[in-house]
Amino acid sequence: MAALWTLPLLLSARLLGCLALTPPDELPQPHNLPPSLGFNISHGGPSVDLPMALRVFSVDYHHVQAPFEIVLWIMLASLAKLGFHWSGRVPAVVPESCVLIMVGLLVGGVIYGVRHSAPPTLSADAFFLFLLPPIVLDAGYFLPGRLFFENLGTILWYAVLGTLWNVLGIGLSLYGVCLLAQSSLGDVSLLHCLLFGSLIAAVDPVAVLSVFQEMHVNEQLHILVFGESLLNDAVTVVLYKLFESFLRLPSVSGLDVLLGGCRVVVVGLGGLCVGLFFGLVAALTSRFTSKAQVIAPLFVFLYSYLSYLTSEMLHLSGIMAIVTCAVTMKQYVEANVSEHSNTSIQYFLKMWSSVSETLIFIFLGVSTIQDVHMWSWPFVCSTLLLCLIWRATGVLLLTAVVNKLRRNAVTFRDQFIIAYGGLRGAICFSLVFLIDDFPKKRLFITTTIVVILFTVFVQGMTIKPLVELLDVKRKKRALPTVSEEIHSRLIDHLLAGIEDVVGYWGQHYWKDKFEQFNKKYLRRFLIREDHQARSSILRVYQELERREQRGDEEAPPLVDPRSHSRLLLPEEMDSIRRILSRNLQNFNNKQTPAYSRHTLHQDATTDRTRKPLHRHQSLGERRTHWPQMEDGEFSESHRVRAGLSRSHTVCSISPRPVLQDSSATAQTGPADPRPAGDDQVSPQHQVPAGRTPKKQLSFVLENEKQQ
């Protein structure tokens, strides 16, 4: 594995070293040569054809420089990820993001040693336009819709109010630190501190996903952390652009602040509307791909990316747009395209997002090796401490309020993981390079890198042991069955009906209204007629099948492959064989007369021998009319029979209990007011003299038999 990592490192270093020695701009250019030698003046400079001799072999690296370097970087990232998963016990201790950043640091150090200059950095345009959209699209397309919308209020509560809390708290506190350290930080204004607070408060979904997917925490905790980090980015980017606009104004008035608040709302809702529009168009387009299934997956990527670019062009929230587009079109696209196309969409999205995530972490490490660092102990240490304090207090205060409105309260352990899981990543790293030049920009870059490395390495490596130490509830190890889905839908309909009866318009009421609207209008318009499921149970089954196909690799295994089941002992096998043979024989000898609800026996009230199916005795005593003694108490035999039984009785047909009842009635005499004929066996069901009575079908465990 060391060879896998060393080879691309040497190739990249040698390649970039050669580029540094002979850059294209410094190549010798011929001048004043006659046109007969084959010089063509084009593109502002001469190009040499060299017709004097025919070369058998030649190298023209500058012709393929850009794609060749891109392929090398992707190859380096893929080999690093492959080496991580084959490195033994390393994945169990160190998160993948930490290893990739360390590989990036190593590559950056090698490049810096070869070129004696700073290695190339990841530009903000490359990150926001090419690397971030695949990750957000993958997260939105495979977003668990039910969990997300059930916890949408809490997620928005954390993402909007929590982000504002962190931005204002960190920004104002850092401004106080700058006022205290006037000698070194006196030229940092309040708007600069708020701008830095808006970018440093961005919780990166890339880092959160890479860490939380390896821990398999429970669904509620995962969707709260992931949903908050996803929408948190949209809010922080909007606030960053707002404070950036304030910095470019000569003065900021109250009207500007009011307009800035309106702009935040417009940017968020505008991105939502753009994503909804492109999602519906993508679903409608997929309806007509039955004769060209090969290009059906292409529309998913094109419309999603087009929604992101359109929002960025209109200065709206591109993250909100691409997430909304993915969530909107998912159920309709999956119903329209074939299974092969669904598989292609799933694997391409996973591959695309994995490559982007790996490149981001490697470039984070490479870009750390820079010559532009500026260090200030008060500012860096205060930023680290304030990020932890303000996030923890925000989570505790907001959760205390939201728990009063939730049925399933967020526990203190989950609150600790939410506060501790606020990892920073490439979002804030890309935003800090977009700041306009001012004297302390290098200090902001250095502090951002320190915060990213601290959160990813320290918090990312210790959060998994903390989850195990606090015994946080883990994810369900098995996918839900059709029965569980049907019962959950039954409960949803029941709760919607209760809310409708009492006049309360809750989430179940609106969810039921949307399902009716979706079934009546959207599904008929956006899904082909031959692909519309006639039964809701069939649609549930199809959804579970698709979920199982794409969740096999992500879901934890049902059985730990390292644990081996114990072989059964010979006496245990004999015991199981005896139980099965006895019970199967009793089942085959059971003779139950067939009946129908349309042809019931006329004298069914007098038929006391055939007992109907009843609940298990362990759930409670049967309500049986026992004959009473003269003193008003039950007889000893009846008291024993009225107790709880451990026998797993399925159906009892034996006439013996009835004969015992009748004998007991004969002993009591006139104390029983019922006629004697009621306790007698019906002539149709009376046991013949030469025939043994039917056995009682029961499943008795061996340990109970011994007792």
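Even glycines carry a Cβ here, placed using N, Cα and C.
What TrEMBL says about a protein is an automatic prediction, not a curated fact.
Going by TrEMBL, these are the annotated features:
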- 600-610: compositional bias 'Basic and acidic residues' (COMPBIAS)
- 75-468: domain 'Cation/H+ exchanger transmembrane' (DOMAIN)
- 565-619: domain 'Sodium/hydrogen exchanger regulatory region' (DOMAIN)
- 587-707: region 'Disordered' (REGION)
- 1-20: signal peptide (SIGNAL)
- 92-114: transmembrane segment (TRANSMEM)
- 126-143: transmembrane segment (TRANSMEM)
- 155-177: transmembrane segment (TRANSMEM)
- 189-211: transmembrane segment (TRANSMEM)
- 223-243: transmembrane segment (TRANSMEM)
- 263-285: transmembrane segment (TRANSMEM)
- 345-369: transmembrane segment (TRANSMEM)
- 375-403: transmembrane segment (TRANSMEM)
- 415-435: transmembrane segment (TRANSMEM)
- 447-467: transmembrane segment (TRANSMEM)
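Counting residues 6+ beyond its ends, the transmembrane segment (263-285) has Cβ neighbours under 8 Å at 234-235, 238-239, 242, 299-300, 303-304, 306-307, 310-311, 314-329, 332-333, 336, 525-526 in the same chain. For the transmembrane segment (447-467), the partner stretch with the most Cβ pairs below 8 Å, chosen from 92-114, 189-211, 375-403, is 92-114. Between the transmembrane segment (155-177) and the stretches 126-143, 189-211, 375-403, the greatest number of Cβ pairs separated by less than 8 Å involves 375-403.
Counting Cβ pairs closer than 8 Å and at least 6 residues apart in sequence, the transmembrane segment (126-143) and the transmembrane segment (375-403) reach fewer than three and form no contact. By the Cβ criterion (distance under 8 Å, sequence gap of 6 or more), the transmembrane segment (92-114) is counted as touching the transmembrane segment (345-369), at least 3 such pairs being found. For the domain 'Sodium/hydrogen exchanger regulatory region' (565-619), the mean pLDDT of the prediction comes to 57.
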